[in-house]
Amino acid sequence: MKTFRIAVIPGDGIGKEVVPEGIRVLEAAGRKFGLTFQWDLLPWSCEYFLAEGRMMPEDGLDRIRHHDAIFLGAVGFPGVPDHVSLWGLLIPIRRGFQQYANVRPVRLMPGVKCPLADRKPGDIDFVVVRENNEGEYSSIGGRLYEGTEFEMAVQQSVFTRHGVDRILKYAFDMAQRRPKQHLTSATKSNGIAITMPYWDERFKAMGAAYPEVRTDQYHIDILTAHFVRNPHWFDVVVGSNLFGDILSDLGPGCTGTIAIAPSANLNPEREFPSMFEPVHGSAPDIFGKGIANPVGQIWAGAMMLEHLGCPEAGQAVLAAIETVLASGPRTPDMGGTASTEDVGKAIAQGV
Ligand code: NAD
Ligand code: IPM
Ligand code: MN
């Protein structure tokens, strides 16, 4: 019997509603596959901020450094400015634990109504690999000449060779392992004339080591149009922090609902714990109604099982998700009337 120590951070809003369903399903998978979990529940959130003046304790990262993984709901809620909450909790975990590879699968699942015309399951099945530690998300910069007519805000993007090469290598390795062996790079080297030409240059250099991987690149503007018009073109799509963020909401938007999309924040070297969460946020507009779709959280749990070395358990959870999406209870975002708990229980039963 394997036991895993998991740091659980439900966080804010519907994070608090979908995380328990994730745990319910992982427990069911554990019973079936002989795994046990020690769930260490951490209250770090905007509520915690309002009481303590910070999003997590000062030694927060040290408290979870030796866990096997982190299972997170969502961070951010009205009452605390988003940049304060996110830079106080989510982003420090991603960076502090060198979770530089953000893996976000995009798949049209059987039974989910596709907003794009004439698309069926199998047509859309790709992975967004997002750089998760640097790029456009930087704290370098500031406001100048405040209160004058010359007032300005300046923020630097940071693209280091180390940071760019390691995410490109991760994406090429992934593309090489997949049947289609195709990698697309999101760029904008026509307009962003320093960092993006650098990104393209490193992409080309890295590609030389992967002759079997077919590559292409698109500027981010037309790439978003291709996501909508030609989603079947894509296999693995690699992008900077901001481009990857946008593409990983757009992709799931094209496959029906962002609420089912999972996200793995990986430290591939396994020097630090990796973190698993849904792509979506805390959805304050539906929080408290018990109608949040828990599938993104549960699918993130399936990715966590894979990462923990239990691929069969992960696949069983994904199969149970597929069955429920095809013919089980549905939350209102998918046109149904079921509750968060109904969906979680149905998936747990199907594992
Ligand atoms: P959001 O993803 O929270 O919500 C966008 C829309 O999708 C809303 O209408 C919401 O009701 C709906 N939605 C999202 N998840 C759903 C689910 N599981 N079931 C049903 N409907 C769902 O994005 P937002 O409104 O831009 O952000 C709200 C807050 O969440 C902000 O504070 C934002 O910064 C934060 N956020 C956090 C994360 C994270 O922790 N990783 C990710 C995105 C946004
Ligand atoms: C995500 C979110 C975060 C991001 C925000 C909340 C900082 O949108 O996980 O996709 O941009 O990384
Ligand atoms: Mn996002």
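Using the three backbone atoms N, Cα and C, a Cβ is placed for every residue, glycine included.
Automated prediction, rather than curation, is the source of TrEMBL annotations.
Predicted, not measured: the structure shown is a model, and the values here were computed from it.
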Q.
I'm validating the feature mapping. Which of 176-197, 330-351 is tagged region 'Disordered' in TrEMBL?
A. 330-351
Q. Per DSSP, what is the residue count of the region 'Disordered' (330-351) in each of helix, strand and coil?
A. 14 helix, 0 strand, 8 coil
